[in-house]
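A quick write-up on the structure given underneath.
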């Protein structure tokens, strides 16, 4: 047993030196204090890094197909009545929705921004009762309705059964609908009366849209298309916002995934007084990046933390020993030369 212990003792890589042979110096004390402070700072920094999670970023190709995107909005027009505002969407796949009313709430505002009335829009427009027929008479019971287009018919069979259809017929002819109060369909839908009632008011529009995840746009246009008419809309010229959307997934330490988006924005204003005159409105154009960004929260392992601590202690101790040795031997050589009279 004693022989084994002696052999084990011979493997000692850290031979001990008798304390009588130690020599302590002032420079060594300074180096020790500085090294201790450096060790402490590095220890605190490494410990903070261990307890705070790091975020890893990865870029991948977005292979998702057929997804939908919910767009929330809350826009205020201080000088445009709610009656004159409509929300439209369209995208490159050909999907179009005009005058969207569901999931949208309009709030009438006075000149000071106070809410006059809040109304959640339903789906579809106002119904017409006993309208004027194309032949000049009123709609009778059991008779099929066919409203006049007021000279804008493209064929004898064409009917205009709503104010919107009259407007579309006029638009195709290149005519301006300058007197909507003389149009039976518009009058019966109470459009003109509502416009006169809300003159000088503002409007807050908020809600959400469900759009396809392809390039497209949604916009707020005045007058339900009556921008060709003589209705004055002072606030809207053409304001365009461009969004470049980057799909993003964030995964926390518990593995929970948050699907979101990052985006960059550009703006462009087109004056309504220039020629050709742009369609007035506020337009939001969006496009999606083919690259998806994935953020993942990660914590360092305990083994990695302990390894770094050992590297800090060992590295600082070794470097400080080299510095102390250099200073000690330099001072010793200088003192010896001075004793030999080389330096006075």
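These residue numbers are counts, starting from 1, taken along the chain as shown.
For all residues, glycine too, the Cβ spot is worked out from N, Cα and C.
Automatic, uncurated: that is what TrEMBL annotation is.
Marked as domain 'Endoplasmic reticulum vesicle transporter N-terminal' by TrEMBL: 8-97. Marked as domain 'Endoplasmic reticulum vesicle transporter C-terminal' by TrEMBL: 149-240, 243-324. Annotation source TrEMBL lists transmembrane segment at 21-44, 302-328.
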If you average the pLDDT over the domain 'Endoplasmic reticulum vesicle transporter N-terminal' (8-97), what number do you get?
82
Using DSSP, how many residues of the domain 'Endoplasmic reticulum vesicle transporter N-terminal' (8-97) fall into helix, strand and coil, respectively?
35 helix, 27 strand, 28 coil
